[in-house]
Amino acid sequence: MGRAGMVKPSSLVRPVAVTRVTGRYLAHQESLPKLPVPALKQTCERYLAALEPIVEEEELQHTRQLIEEFQQTGGVGERLQKSLERRAMKTENWLSDWWLKVAYLDYRMPVVVHSSPGVVLPRMEFNDRQGQMRFAAKLISGVLDFKTMIDNETLPVEYLGGQSLCMNQYYQVLSSCRIPGTKADSVKNYAQSRRPPTHITVVHNFQFFVLDVYNSDGTPLTVDQIYLQLEKIWNSSLQTNKEPIGILTSQDRNTWGKAYNTLIKDRTNKESVHAIQKSIVTVCLDAPMPRVSDELFRSRAAVQMLHGGGSRWNSGNRWFDKTVQFIIGEDGSCGLMYEHAPAEGPPIIKLIDHVVEFMKKSEIVRTPMVPLPMPKKLRFNITPEIKKDIEKAKQNLNIMVQDLDVRVVLFPHFGKNVPKSHKMSPDAYIQIGLQLAYYRMYKVCCATYESASLRIFRLGRTDTIRSASIHSANFVKTMDNPAIQNMEKVTLLEKAVKGHRTYTDMAIRGQAIDRHLLGLKLQAIEDLTSLPEIFMDTSYAKALHYNLSTSQVPAKTDCVMCFGPLVPDGYGVCYNPMEEHINFAVSAFNSCEDTNASRLAQALEAALVDMRDLLEQTPKAKL
């Protein structure tokens, strides 16, 4: 049944009420088209067009010559293109393995801040440990409910514009973990092992516990049972004088890879680490963070989701390599963080939407009479060497914590409703707003990354929507010029929005430029002795220096995802457009004097309102 590279997800421990359609997932996956390799000439032309708003004319002239040589008949570009097309014939997806390695597993920066996104949920009603644990118990129950759909392959297939999407990422997020290495990492998915895990890990006061969430007959524990087990965990981990072993996972990957090898030399440590890696998810029961005003609460929660707030607060209450960690604070803060290698945001958001809906349902309280065994506390033997590694990790993490500035803003003026009323794509409208905000602050256009999903293809991940275009540049440069008529500004705005929409459609269909250029470059590394000049050109470096790294992650739940900037002098911007408001998260590094998260957030708010006013105050030309 299982083909290479297509592992069939294993079923649950017991036969479940829903009839399992064996191979439904496989049959669906095999019906999906393969990711195409775009035409070389098309990518070269579109690359030059993408450079126009962000590169000086002189540099651009030089790049034009390089591109000319690169795509000559019989030249190096054509050779690489043919190699890439052969690779596409032979593999399920010519990009996915490469991308996993280049974007994640070979990347040596810490996953904290630099790679793993956080998700902030609205503040919850509880503010004591009883409320926290009651909430956690329901949440865990909701996760298990979602897991049943994965195990039975009854997850509804998602569609985009009538085309079914690849569902593979859903089968990668539970019971999986990143494993550090000294040169490159790997990801292990235990859901596909012979005996899939039946436990979660719970962390409280830096101490890890194994909590079995299924009874011996394979039925999941009830909310009440889970609550009682969490109570036991809480009561047996009241002291925080333990070494925060989890903080080791926040180090840069080479340092952590070395420390990991030291750590698992000891058998007890190895078994404990393995139990965390194998668990379905990790649930972090956090201590209260320093109090802030209601207005700043979501920004503070974002920091808690991204890194835990530092070694004095909750950063030791994590295992950052774990694919999914739900975080529940005693003060009503709640959300999750996820390790990015196995999946993009949408499957994670789908999990959150499902869990939040599940938690709204009234509980059926059936407290079984059977007493449950005490959850197992994971032991670690801390040698002086490991203690030294922990101290180093604390110092480095606290530097990162000091450096990251995050602002979560609820934009109250309007949501998707306004752009839609002007027949504009809300995503394109927001992206042009970002271009305007950035231009007003810096008087230049910058390379902008927005992720586009390639899930209409088998094993599809993402490509880049380049939001800075000639059209967006024309609009942002004229918007504040009083000498230009409003009618003309509206025309330029409409063109910019339409241009963004066109690029998005092209990217989703596998015809964008970034992954194709990356493929040609990686193919060159495999095939050639030297790298073609277009990849050593300053224009290429500029094109990949994304001062704006952005993502739209829409959810039914009133939440927002957040992540750190991609470059030292850049911003990370994530947003969830709701019907009548928009949730934004903006991040920047304090160590960069030129960037400021609050300023960009304010500039973005002003830009979106100004664009609306422009559209509403300009009479439509009578036809």
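Glycine is no exception: its Cβ is also placed from the backbone N, Cα and C atoms.
In TrEMBL, annotation is done automatically, which means it is predicted and not curated.
Because the structure is a prediction, the values reported are computed rather than measured.
Residues annotated as domain 'Choline/carnitine acyltransferase' in TrEMBL: 35-605. Under the heading active site, proton acceptor, TrEMBL lists His340. Per TrEMBL, the feature CoA binding site maps to Lys416, Lys420, Ser421, His422, Lys423, Met424, Ser425, Pro426, Asp427, Ser453, Arg501, Gln552. The (R)-carnitine binding site annotation in TrEMBL covers Tyr449, Ser451, Thr462.
Here the features listed in TrEMBL are placed on the structure.
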{"residue": "His340", "record": "active site, proton acceptor", "contacts (Cβ under 8 Å, 6+ apart)": "Tyr104, Val111, Ser115, Ser116, Pro117"}
{"residue": "Lys416", "record": "CoA binding site", "contacts (Cβ under 8 Å, 6+ apart)": "Pro426, Pro577, Met578, Glu579"}
{"residue": "Ser421", "record": "CoA binding site", "contacts (Cβ under 8 Å, 6+ apart)": "none"}
{"residue": "Lys423", "record": "CoA binding site", "contacts (Cβ under 8 Å, 6+ apart)": "none"}
{"residue": "Ser425", "record": "CoA binding site", "contacts (Cβ under 8 Å, 6+ apart)": "Pro419, Val497, His500, Arg501, Thr504"}
{"residue": "Asp427", "record": "CoA binding site", "contacts (Cβ under 8 Å, 6+ apart)": "His500, Thr504, Gln552, Pro577"}
{"residue": "Tyr449", "record": "(R)-carnitine binding site", "contacts (Cβ under 8 Å, 6+ apart)": "Thr464, Ile465, Arg466, Tyr546, Leu548, Ser549, Thr550, Leu566"}
{"residue": "Ser451", "record": "(R)-carnitine binding site", "contacts (Cβ under 8 Å, 6+ apart)": "Glu344, Thr462, Asp463, Thr464, Ile465, Ser551"}
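The Cβ centroid of Tyr449, Ser451, Thr462 marks the (R)-carnitine site; residues of that chain outside this set whose Cβ lies within 8 Å of it are Glu450, Ala452, Asp463, Thr464, Ile465, Ser551, given in sequence order. Averaged across the domain 'Choline/carnitine acyltransferase' (35-605), pLDDT in this predicted model comes to 92. The binding-site residues under consideration are Thr462, Arg501. Their Cβ neighbour counts within 10 Å are lowest for Arg501.
Of all residue pairs in the (R)-carnitine-binding list (Tyr449, Ser451, Thr462), the one with the greatest Cα separation is 11 Å apart.
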